[in-house]
Amino acid sequence: MLYANKVGPFQNPTETYQYYNLPFCQPTDGKEYKTEFLGEVLEGDRLVTTPYKLQFRTDVENAVLCKRTLTADDLKKFRDAVKQDYYFQMFYDDLPVWGFIGKVEKIVQQGTHKYFLFTHFHFDLSYNDDRIIEINVSSDPMRTVDITTADTLDVQFSYSVKWKQSSVTFDHRMDRYARYSFLPQHLEIHWFSIINSCVTVLLLTGFLATILLRVLKNDFMKYTRDDEMGEEQEETGWKYLHGDVFRFPPQSNLFSAMLGVGVQILAMAMCIFALALVGVFYPYNRGGLLSACVVLYALTAGISGYVSGLHYKMFGGTNWVSNVLLCTVMYCGPVLVVFSFLNTVAIFYRSTAALPFGTIVIIILLWALITFPLTVLGGIAAKNSKVEFNAPCRTTKFPRDVPPLPWYRTTVPQMVMAGFLPFSAIYIELYYIFASIWGHKVYTIYSILFIVFIILIIVTAFITVALTYFQLAVEDHRWWWRAFLCGGSTGLFVYGYCFYYYYARSDMSGFMQTSFFFGYNAVVCYAFFLMLGSVGFRASLLFVRHIYRAIKCE
């Protein structure tokens, strides 16, 4: 059975509509929708039967699909679709196939355009034994009708089918989509760019590491020499802050919740990569990635509750209900706001991107029956745990005054410096990811993406540790929030890249596509911010505890 999925402007991949929103030929016995899984619905898939008869190994020549009279309203729909370069997507035996509805011809002498509707499609199919291997569709440029100015038009739609044997096995029939996702020369450039980026980042990281280690070594030698000589010298630098460096941050409840959700997203990302590396997300596994994200987010909710509760306990918090609730809505709350707006826009446009009521109910039940209870259980486990935070130094009763600092040592400039180096490690890969999500490419090289992700984690941790040291060296003990914000600042750089990609590298347009592009990317970049912020903070905490334990402060 050949199923039609959706139609939409080629340059706006999210702006999709149901196939029969255009006046195509419908099955004589009525159209039937195929049952979709959660991920398929989230991707906007709405598979419906078509009148095309593609019998296995049965060639068809010029079969009439239907004859119909197109009214002025029908012609206007087709004309607008051809003008916006509409494409259609179909599935046959879970193999995707695409085609265009019509074509536009420019009359140079008159400075006008003519719009032609394709009325004949040819299907080429391959088989191996009793398995379908490949399907392609093409239009006949000689079988078109001019719909530029007509008010009514009698049209005959037809199709033909040609079968041929293939040597490709059924297990490898999806390989062609992986091969065509990037051209060979693009793949070589892709590899070269990744290697160049990795080498550059590693060199910069090594350079900063050498400087940081030398400075720390000199500090330790100086403090050790002073202690051995018994000199009573005024303490300076980061050692001067031993009574304030472990003073807990303000807004500890919010801080704990953000840390918990960040660690949860990191754990979810690692699970996604594990599934990708073992081949679960093969090309055009419809909705597989989105389904995995939703389910894994629900199943890892206990991590956020536990990590958040553990830090909240460390900070001396007592309002456990508030902490659990804040942890629950820290990420789901903004996602709900963005989703409500985007779904309203999609409903207004009558797009397949709008989620049906039943799917919304399923997501709410997942949150209510899995995510929320696991978060509560994680918080209870943290409250009852015996883990304690043993600071190497005692904290004084009153905080020291922070000396005046130059502008470049304030939070925003430090975030810019912290986010630039990790972003430089991933910005080349971002293009390929965006071309896949917001275009018609297929991303399949998950091994490269995983390497880049690990480098991103390492570089984020290191640059945050370096900036934390430099902050303590100028006697600024307010490092807790700064470490989190500097670590997560790469997410802001990624969102800034969204503007560059949208306006300079894509042809997307229209209110709906723009809303979805910036709305969904805001949600993803917020997840990046929380995840990398938690990485930066945890690395900085380990570093600070280590250096103050080394000087044996009282």
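Keep in mind that glycine also has a Cβ here, set from the backbone N, Cα and C atoms.
Feature annotation from TrEMBL assigns transmembrane segment to 191-216 (among others).
The transmembrane segment annotation in TrEMBL covers 257-282 (among others). Through the fold, the transmembrane segment (257-282) approaches residues 174, 288-289, 292-293, 296-297, 300-301, 303-309, 311, 323, 326-327, 330-331, 378, 446-447, 449-450, 453, 484, 488, 527, 530-535, 537 of its own chain, all at least 6 residues removed from its boundaries and within a Cβ separation under 8 Å.
Sequence-distant neighbours of the transmembrane segment (288-312) (same chain, 6+ residues past either end, Cβ-Cβ under 8 Å): 37-39, 42-43, 252-253, 255-257, 259-261, 263-264, 267-268, 271-272, 275, 280-282, 320, 323-324, 326-328, 330, 363, 366-367, 370-372, 374-383, 385, 387. What TrEMBL records for 288-312 (among others) is transmembrane segment.
Proximity of distant same-chain residues to the transmembrane segment (324-349), defined by a Cβ-Cβ separation under 8 Å and at least 6 residues beyond the stretch ends, is recorded for 15, 17, 253-254, 256-258, 260-261, 265, 301, 304-305, 308-309, 355, 367, 371-372, 375-376, 379, 511-512, 515-516, 519-520, 522-523, 526-527, 530. Taken from TrEMBL, the feature transmembrane segment applies to 324-349 (among others).
Taken from TrEMBL, the feature transmembrane segment covers 355-377 (among others).
With a threshold of 8 Å between CB atoms, the same-chain residues lying at least 6 positions outside the transmembrane segment (415-438) that come near it are 13-14, 181-182, 190, 193-194, 197-198, 200-201, 204-205, 448-449, 452, 455-456, 459-460, 463-464, 467, 485-487, 489-494, 497-498, 501, 505-506, 508, 517, 532, 536. The feature transmembrane segment is assigned by TrEMBL to 415-438 (among others).
Summarising the annotation, TrEMBL assigns transmembrane segment to 444-467 (among others).
For the transmembrane segment (479-503), the list of distant contacts is 245, 248-251, 255, 258-259, 262, 411, 414-420, 422-423, 426-427, 430-431, 434, 438, 456, 460-461, 463-464, 467-468, 471-472, 514, 517-518, 521-522, 524-537, 539-541, 544: same-chain residues at least six beyond its ends, Cβ to Cβ under 8 Å. The feature transmembrane segment is assigned by TrEMBL to 479-503 (among others).
Residues annotated as transmembrane segment in TrEMBL: 515-537 (among others).
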Sequence-remote partners of the transmembrane segment (515-537) [C-beta within less than 8 Å, at least six residues beyond its ends]: 14-15, 258-259, 261-263, 265-266, 269, 330-331, 334-335, 338, 341-342, 345-346, 353, 418, 422, 438, 456-457, 460-461, 463-464, 480, 483-492, 494-495, 498, 502, 508
